[in-house]
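> I grabbed these lines from Swiss-Prot:
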- Cys49, Cys52, Cys57, Cys74: [4Fe-4S] cluster 1 binding site (BINDING)
- Cys117, Cys120, Cys123, Cys157: [4Fe-4S] cluster 2 binding site (BINDING)
- Cys127, Cys147, Cys150, Cys153: [4Fe-4S] cluster 3 binding site (BINDING)
- 32-91: domain '4Fe-4S' (DOMAIN)
- 108-137: domain '4Fe-4S ferredoxin-type 1' (DOMAIN)
- 138-167: domain '4Fe-4S ferredoxin-type 2' (DOMAIN)
- 1-26: region 'Hydrophobic' (REGION)
Amino acid sequence: MEMIVIAVVALTLLALLFGMLLGYASRRFAAEEDPVVDQVDELLPQSQCGQCGYPGCRPYAEAVANNGEQINRCVPGGEPVMQKIATLLNVEPQPLDGDAAMAEPVRMLAVIDEPNCIGCTKCIQACPVDAIVGATRAMHTVMSDLCTGCNLCVDPCPTQCIELRPAATTTDNWKWDLNTIPVRNIPVEQHA
């Protein structure tokens, strides 16, 4: 019994000593994080979709803060995120990356053809924002409020029952198409 007590005390003291050494080393040799990278990363939507050309939001934030990468490449964040990053970095806002259609992007949503869904859960595993709900061997569905339209759930589906479609127009996302309004110059008479 005496040997067990000695062993427990010795191991406790060793664990305490090594814990203190590790604690000291972690503070002494800590690498300082760039606060600008953290701030840019907080502004990004954290969908980890890769549409910007980087494997996730953190690498894109590092490229923007340290390497001067363009601030307009986050498709899910769109113009609001680009404006916030421009304000944070004190740079001029840029037009969104891509063609003219990207300036007013159409919100895309994943839609599951539910009768053809086999419930394999591969789309659930691929979704970075947990917008797909369902269970193994049960029908899955997409929560449209959470879906960012990142397209990461489409390829893993073995039955190709997922596709991206434009979001339905509602009063929340409707915008007036100014190109449909006829513009006429109205002559104004000048009175003396």
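Yeah, the Cβs are placed from backbone N, Cα and C, and that goes for glycine too.
Quick one: where do these features end up spatially?
For Cys52 ([4Fe-4S] cluster 1 binding site), the count of additional Cβ atoms within 10 Å of its Cβ stands at 22 [all protein chains shown].
The number of other Cβ atoms within 10 Å of the Cβ belonging to Cys120 ([4Fe-4S] cluster 2 binding site), over all protein chains shown, comes to 16.
Look at Cys147 ([4Fe-4S] cluster 3 binding site): DSSP puts it in coil.
Within the chain carrying the domain '4Fe-4S ferredoxin-type 1' (108-137), a Cβ under 8 angstroms from the stretch's Cβ atoms is held by residues 46-49, 143-144, 146-159, 161-167, all 6 or more beyond its ends.
Only residues 6 or more beyond the boundaries of the domain '4Fe-4S ferredoxin-type 2' (138-167), in the same chain, are considered here, and those with a CB under 8 A from a CB of the stretch are 45, 47, 49-51, 75-76, 106-114, 116-132, 173.
Within the chain carrying the region 'Hydrophobic' (1-26), a Cβ under 8 angstroms from the stretch's Cβ atoms is held by none of the residues 6 or more beyond its ends.
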> Give the number of CB atoms, excluding that of Cys153 ([4Fe-4S] cluster 3 binding site) itself, located within 10 Å of its CB.
23
> Provide the three-state secondary structure of Cys123 ([4Fe-4S] cluster 2 binding site) computed with DSSP.
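Looking at the DSSP assignment, Cys123 ([4Fe-4S] cluster 2 binding site) belongs to a helix.
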> Give me the CA-CA distance between Cys127 ([4Fe-4S] cluster 3 binding site) and Cys157 ([4Fe-4S] cluster 2 binding site), in Å, as a whole number.
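So the alpha carbons of Cys127 ([4Fe-4S] cluster 3 binding site) and Cys157 ([4Fe-4S] cluster 2 binding site) sit roughly 11 Å from each other.
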> My understanding is the cutoff is Cβ-Cβ under 8 Å with a sequence separation of 6 or more in the same chain; which residues meet that for Cys117 ([4Fe-4S] cluster 2 binding site)?
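Long-range Cβ contacts: Gly134, Met139, His140, Thr159, Cys161.
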> What is the separation, in Å, between the Cα atoms of Cys120 ([4Fe-4S] cluster 2 binding site) and Cys57 ([4Fe-4S] cluster 1 binding site)?
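Between the alpha carbons of Cys120 ([4Fe-4S] cluster 2 binding site) and Cys57 ([4Fe-4S] cluster 1 binding site) there are 27 Å.
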> Return the residues near Cys57 ([4Fe-4S] cluster 1 binding site) by Cβ distance under 8 Å, restricted to its own chain and a separation of at least 6 in sequence.
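Those within reach of Cys57 ([4Fe-4S] cluster 1 binding site), by Cβ under 8 Å and sequence separation of 6 or more, are Asp41, Leu44, Pro45, Gln46, Ser47, Gln48, Cys74.
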